[in-house]
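Annotated features in TrEMBL:
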| type | residues | note |
| --- | --- | --- |
| TRANSMEM | 20-42 | transmembrane segment |
| TRANSMEM | 54-74 | transmembrane segment |
| TRANSMEM | 80-101 | transmembrane segment |
| TRANSMEM | 113-135 | transmembrane segment |
| TRANSMEM | 141-162 | transmembrane segment |
């Protein structure tokens, strides 16, 4: 959610090609809010509390920590530049997050903890945003999405290497 909030703020600050950036990132933010809300409603009490605390600390306070200094201490051009760098870092974190499981995949030889769909759609998203970044000539959009494509392809290659064929899974279950 934080990444979407930051990209919305960046788009509003950039003032060029705003509508598509705000629309897509607002939709992304809304979907993430829905996901967290559903999780919170159906999660055990302990996880509900942790989730609410995490969302408040990471999303609300971190956004405020970035928003207030950039809004009140920087002028337009500096604000766009600094926000662009911040958005790049957060986007790279989003793309790199699924890589945390790579060690487990290699160690166990199983991809059960690395969903292919997530890797595929993050890569597809990176491709689309890269194309958009090239069209509007925005390096802050291009850089993290080039890295996102590379990391996504790496994840899919690992998935392909360590994926067990259906017959091997059935043999394991019946054994």
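Each Cβ is built from the backbone N, Cα and C atoms, and glycine gets one as well.
Since we're looking at a predicted model, the values are computed, not measured.
Contact between the transmembrane segment (141-162) and the transmembrane segment (20-42) is absent: fewer than three CB pairs lie under 8 Å, with pairs separated by 6 or more positions in sequence. Counting Cβ pairs closer than 8 Å to the transmembrane segment (80-101), the top stretch among 20-42, 54-74, 113-135 is 113-135. Residues 1, 4-5, 7-8, 10-12, 14, 48, 51-52, 55, 132 of the same chain lie 6+ residues outside the transmembrane segment (20-42) yet bring a C-beta within less than 8 angstroms of a C-beta in it. Distant neighbours of the transmembrane segment (54-74): 1-2, 5-6, 9, 36, 82-83, 86; these residues of the same chain sit at least 6 beyond its ends, with a Cβ under 8 Å from one of its Cβ atoms.
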